[in-house]
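Feature list (source: TrEMBL):
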type: COMPBIAS; residues: 8-20; note: compositional bias 'Basic and acidic residues'
type: DOMAIN; residues: 26-477; note: domain 'Major facilitator superfamily (MFS) profile'
type: REGION; residues: 1-20; note: region 'Disordered'
type: TRANSMEM; residues: 64-86; note: transmembrane segment
type: TRANSMEM; residues: 98-116; note: transmembrane segment
type: TRANSMEM; residues: 156-176; note: transmembrane segment
type: TRANSMEM; residues: 196-219; note: transmembrane segment
type: TRANSMEM; residues: 275-296; note: transmembrane segment
type: TRANSMEM; residues: 308-327; note: transmembrane segment
type: TRANSMEM; residues: 374-401; note: transmembrane segment
type: TRANSMEM; residues: 421-440; note: transmembrane segment
type: TRANSMEM; residues: 452-470; note: transmembrane segment
Amino acid sequence: MTHASRTRNTENARDPKKETPLPWGQLSALLAVRLAEPVTYTLILPFVYEMVKNFEVVKSPKEVSIYAGILLMSYSFCEAATTIHWGTLSDRIGRRPTILISLIGDLATFVLFGLSKSFKWALVTRSLNGCFAGNSAVARSAIAEMADDSNRPRMMALLPLIWNVGAAGGAAIGGLLSDPTNKYPQIFGNFKVFRIFPYLLPCMVGSVATAVGLIAGLLKLKETLVTDQPISESEIIDEGELTEISPLVTGSQFGETKPNQESILSLLTPISKRVLLTNALMCLVIAMSDQVYPIFAATEPSDGGLGFGTRGVGFSLIVSGIAVIYLQLSAYPQLEKNYGALQCYQAGLKIMTPTFIFFQPETWLNYAGFEYCILWISLIILLLVRITGNVLAFTSVNLLVANVTPSKSKLGAMNGLQQMCITCVRIIGPLLSGSLWSWSIKHTMPYPFNSHLAWVTCGLLMLLSWQVSLRLPSSVNIFAPGQSR
């Protein structure tokens with residue numbers, strides 16, 4: 001970034017009425033890159049229940065949720081183990097090469113997952129796929145570096161938009177294209193490869209999103225990490241003062257080197273710990289619901305589920321994505337401008353909490369004797385309310401994480417740390433929710449220990465996340481890397 005462009009950005013940031021135009025050329029490339037992870041993550045959700053059953057590794061259908069949870073957990077476990085390394089690598093070699101490397105690995109391993117014929121193969125390839133899912137934290141760092149105070153909320157709002165669009169698209173692809181020879185015999189009946197590998201087609205189609213991101217990265221993406229900016233005398237004084245307050249601003253900028261581990265630990269200020277904790281609790285709930293919902297939807301009504309097929313599961317996962325475009329592009333930036341990221345985040349948590357606690361629409365309908373179409377109406381309403389809270393919370397927390405980063409030079413590490421926390425709870429979430437669901441349908445217990453147990457647990461954890469967020473000061477609304485907190 002040139003000195004002139006930095007000056008213009010600073011001037012625009014000081015004028016609250018003037019927003020710096022979005023750099024769509026560079027931004028569109030990053031958004032294309034960001035699309036790969038949600039597609040990869042959600043594409044298997046509609047058919048994971050069916051896939052595990054077809055592997056014949058379980059003795060009872062009631063045990064499917066445990067093995068499905070292990071399969072989903074493997075991706076998150078490997079992502080958690082590698083994501084902070086992707087972030088710190090991007091701080092050293094740059095955002096662009098790090099993103100391109102991860103996309104190449106993601107593309108190859110996702111197609112290999114589509115060739116699964118056994119649980120072991122699926123577990124290994126899904127784990128490898130998770131190892132290359134590190135571009136999300138790097139993309140967030142790049143966008144934070146491109147933005148200024150005037151357009152940062154709008155740019156950050158695009159990330160959850162892309163996530164929700166990708167998540168909805170991935171769910172649609174997985175639900176509609178899995179086992180194509182049986183679903184569409186007129187079209188795919190003669191394709192022996194799809195009969196042998198019933199999950200290859202959705203993985204190949206889903207990989208197109210990764211391929212588009214890779215091409216956009218090669219052709220359009222420019223490096224955003226600036227390492228050769230001259231340091232003014234006043235900045236050197238400020239850095240020295242901050243070194244006394246926080247070990248994050250290390251002597252490496254002045255010729256000294258400190259261990260990487262110490263640099264990472266120095267990111268954990270009291271306020272950043274609270275932001276990461278409330279973020280982790282919220283993501284734990286989302287991970288639990290993402291895992292248990294397709295199993296709940298595919299489980300027979302006699303066992304407390306909805307009895308949907310893979311197409312029904314996929315459709316129910318994508319229908320709420322329609323509202324996301326308006327909320328992300330129009331509603332959220334205005335809400336953030338009026339109320340700040342912190343209040344928007346807290347509102348999102350409060351909105352989502354009851355949608356988990358009361359998420360058993362089939363129970364009310366069975367008792368009331370309504371028709372099946374009313375089940376879909378109530379289900380869609382619940383999902384739309386939840387996605388509204390989801391948009392508010394996820395967009396806001398990305399802003400909060402950027403705002404509490406003590407130094408711009410550590411944005412990659414901080415976003416990597418955030419992503420590591422998210423993926424760690426994604427490991428716990430599927431196992432926890434799968435175990436709760438399996439236990440609840442095996443035992444005849446009264447509410448809330450019946451089939452409602454997993455959903456009630458999600459609601460209580462979301463409530464706890466909201467309680468933690470109440471302890472955050474209003475200063476987290478300000479993007480001020482380098483100031484002491």
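The backbone N, Cα and C atoms fix where each Cβ goes, glycine too.
Model, not experiment: these values are computed from the prediction.
If you count C-beta pairs under 8 angstroms between the transmembrane segment (452-470) and each of 98-116, 196-219, 275-296, 421-440, the highest count goes to 275-296. Panel annotation: around the transmembrane segment (64-86), residues 41, 44-45, 48-49, 51-53, 55, 57-58, 98, 102, 119, 122-123, 126-138, 264, 287, 290-292, 295, 413, 416-417, 419-420, 422-424, 426-427, 429-431, 433-435, 437-438 of the same chain, lying at least six beyond its termini, place a Cβ under 8 Å from a Cβ of the stretch.
Contact between the transmembrane segment (196-219) and the transmembrane segment (156-176) holds: at least three of their C-beta pairs are under 8 Å, each pair 6 or more apart in sequence. Against the transmembrane segment (421-440), the recorded stretches 98-116, 156-176, 275-296, 374-401 differ in Cβ pairs under 8 Å, and the greatest number is found for 275-296.
Within its own chain, the transmembrane segment (275-296) is flanked in space by residues 42, 45-46, 48-49, 64-65, 68-69, 72, 76, 268, 304-306, 313, 317, 345, 349, 352, 356, 359, 390, 393, 397, 400-401, 404, 417-418, 421-422, 424-426, 428-430, 432-434, 436-437, 451, 454-455, 457-458, 461-462, 464-466, 468-469, 472, 476, which lie at least six positions past its ends and keep a Cβ under 8 Å from the stretch.
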